[in-house]
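Read through the structure below, which is laid out as structure tokens, and then see the notes.
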Ligand SMILES: Nc1ncnc2c1ncn2[C@@H]1O[C@H](COP(=O)(O)OP(=O)(O)OP(=O)(O)O)[C@@H](O)[C@H]1O
Ligand SMILES: [Mg+2]
């Protein structure tokens, strides 16, 4: 039976955006945590830790998000967890985010002038105190614009989890398109919702970056 | 748990994976080439045109960059045929890749163009070069040299994103992986293997692009010095 | 007991030996100036005394804390050694007062009230009492350098090391920093300072060390070093400096 694309279809798609947003937030939190550890390891004094973190970043940035999803999905079930797809989706998005955020934040940590390390070392700070009180507070300022920018990538990439049956925006669009077969209307709507989510974030990232540059120049 | 890795059933279907790899290479290769070309053309067009064209180009860039590649792919694959234009899955995929990469490339090259100093352009014009000559030699070449690393990263990302084309059953690498998976039920093994193939592809592509960069913008030349100076 | 004792210190960067057996003793309350050509190893020596560089041979002791090539006891030693660099290196994300309070708070574990009163005290000492709540970026170079000195002083170090602290400053700002250092010396601070300000070294330092090619080439009372140099290298160095 072919249905038409009406308000109820639209609302169904719109409502599915909550899963897109939820996935984004979860991935950002978990991936952020992991990515933070990756960034710390990447700037560690211990060469093996640095190598490990570099390897992690290289692998995550060198494979498709789709593969991370399948590996999480099948890997978790092999490990004996019978979990809803949403969990595998969250895990894969968090892994993905950790590789990119880890690299972004490594750059921010290294952008703090080395003299700041030296000045704090000379004041007898421990390594942990240097990170906690001197380096990270300065790195965070530099990190905000690119991190906000990355959120856009994250939102868009959550669309991929539709393949394992999580009914987020893209999947909802697919379902409605199968029923109504009006692809332009349906996917146009889906695209518009993504755009409404992503564009303001993109603009914000650009504005923050402009501000940061202005402050550094001035 | 008692899970035993069994790669043999998967390795038995290596020929299928190689077929998929070939499709991936074709898609990525032609997509990157044409997408990059589109990006350079649009960035040039934008640089040489007035406000209306600039706004159009910017709208295209913003629309593409703020929506998922998957949705772009679905619109083209399902939508374009309703306009009466027959489109194979491969053609739809290639079109989506070109449109997507084109937008990112436009943005990257635009940033490169804008980083070229006005005085350089004036110097070119004062040497009686035509506008086009100035653009090509004084603006575009240094701009590309500057953004080559950023472009390269985008190319690698695009290559990896070709895996999304399996959603519309283009028989590329990850679609073939799914085929083998449904035959052998060795899901984890298949995807580990395919992940490794993608990783190798990414490494090779990065190496090739770095080599190409060194070739196009040789170290020691002025362009070589610019290479990567304004990476984004 | 001397505050700083440097014995047979060797320092290499890769294959290049930068310090070739340095012996130096700084007594309590003494002010010693180090002069010498660029590249003679002056900065490296100061950085070794603070443990910012590891030494390959020899021994460094600051008020009983030893530092051997293994680098043990580093943090204890640093608590007693203040160092001020050519670039001020204030923490830009912290106000002046916070810059000064941070190390006493987290390294020495003093109370917030105590850290605050220390900060006010040392800021007064460098003549910036009223800039407690200023941001480092809003200060002149000379003021920033004085805050950097105050930040070190708040740790109550046994010795202060100064590495060309006026070299990055505009000429009209060097005076205020030199005056601050001179006042510190008068108040009895033990100081080891690398400087290109020969007149200042001659006036303020009791002893001057001339370093050349990684060695203590000539050393003695400042009056004699500047007034009656013995080695041709020091004569040439002082001669070229006067031009
Ligand atoms: N981290 C380092 N790695 C390699 N070589 C170094 C390092 N730091 C210093 N050197 C070398 O050690 C030598 C001594 O340097 P040092 O900075 O101690 O000289 P200096 O006497 O302070 O000179 P200046 O008056 O220019 O400050 C120089 O040849 C310098 O190039
Ligand atoms: Mg020096």
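Easy rule for this one: first residue shown is 1, then count along the chain.
Quick reminder: no glycine exception, Cβ is built from N, Cα and C everywhere.
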Given ranges B:69-87, B:88-106, the stretch to which TrEMBL attaches the annotation transmembrane segment: B:69-87
Transmembrane segment per TrEMBL - which of B:162-189, B:190-217: B:190-217
Transmembrane segment according to TrEMBL, located in which of B:20-48, B:107-135: B:20-48
Positions whose Cβ lies under 8 angstroms from the transmembrane segment (B:190-217), at least six residues beyond its ends: 7, 10-11, 17, 21, 24-25, 28, 144-145, 148-149, 152, 155-156, 159-160, 163, 173-174, 177, 180-181, 184, 223-224, 226-227
Spatial neighbours of the transmembrane segment (B:20-48) far in sequence, C-beta under 8 Å, 6+ residues away: 54, 57-58, 60, 90, 93-94, 97-110, 112-113, 131, 135, 139-140, 144, 151, 155, 158-159, 162-163, 165, 170-177, 197, 201, 205
